[in-house]
């Protein structure tokens, strides 16, 4: 026995509500993902509206509620797509446009032309779905296969709603005596239930992938400075060995403990953050910058001359030492010392070269601090 469009719309509505509950559960696991709330609200509104639309009750008030719910649902889904892809959302403009869309649907229905209102609703839904498809298409580099499939499903859903609206306009059905019955409605019913299932599965999969990627990044990142942490730095050199011509520069902030003791830990955090920014601004795209822990940092420079590596370390030291830190309305000068070592053969592993850089650093500390020494100078 086949299913009529009413049954499919009802099933689509139940599926949307179930998906909304699933998304709410996902949000409870990670409340940083605000777009999940938008998806949940959007799918809840769409689901409730679809269930009502499956019966298309004759009361104009109920029809108004049904189409208002679905219009708000589509707007919410579109805004969630923008949040997911990182596109800025101008909330005031979004609210005004949402109210305008709802008004465009309910005004003709209130005046007795429900066919006009339904046609306008379908066109608005199509536009919003096409915009969703566009948003995901722009972000396809994040996960090409899944996002292209997601974008395609939104586009197909948009085509099905546009077809519903155009058929009503073509057949001049300005007043309806029940839910529209034509090929476009049947097509839309099938696409709706298939689309909700596919979009839901892909969206949850993308969110899970993004969350795993975020956790992996957090595990590799120093929380205070945003630099690579010690674990990530050493892991990087398990598979990617140093090559002859690479330099390892180890920095240490001089008398850092006294900053914490005298001005407090917040002052210490500001000091660490400012030095991290100095490192970032002097590192090249191919270089690696990390905080080893405490007040110790590392800059790994790929394929660099002795003179260039030493000059870079000196430039970082001089710029940091010459920049007063604003702590409790007091200007505080903090200095840094550095040791530089170089990979000279294929057998030089990272830990060995960094150990030599550490020895140069300790020599710089014992020579008066606020200076840069290379391992060559230490040997000399």
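A Cβ is built for glycine as well, from the same backbone N, Cα and C atoms used for every other residue.
The feature domain 'GGDEF' is assigned by TrEMBL to 244-377. According to TrEMBL, the transmembrane segment annotation covers 6-27, 34-55, 61-79, 91-109, 115-133, 145-169, 189-207.
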Positions on the same chain near the transmembrane segment (6-27), where near means CB under 8 A and six or more residues out: 33, 36-37, 39-44, 46-55, 179, 189-190, 192-193, 196-197, 200, 203-204, 207-208
Winner by Cβ pairs under 8 Å against the transmembrane segment (34-55), considering only 61-79, 91-109, 145-169, 189-207: 61-79
Taken over the domain 'GGDEF' (244-377), the model's mean pLDDT: 90
Best-contacting stretch, by C-beta pairs under 8 Å, relative to the transmembrane segment (91-109) and drawn from 61-79, 115-133, 189-207: 61-79
Tertiary contacts of the transmembrane segment (189-207), as residues 6+ beyond its ends and Cβ separation under 8 Å: 5, 8-9, 11-12, 15-16, 19, 22-23, 26, 33, 36, 39, 43, 50, 84, 142-143, 146-147, 149-150, 153-154, 156-157, 160
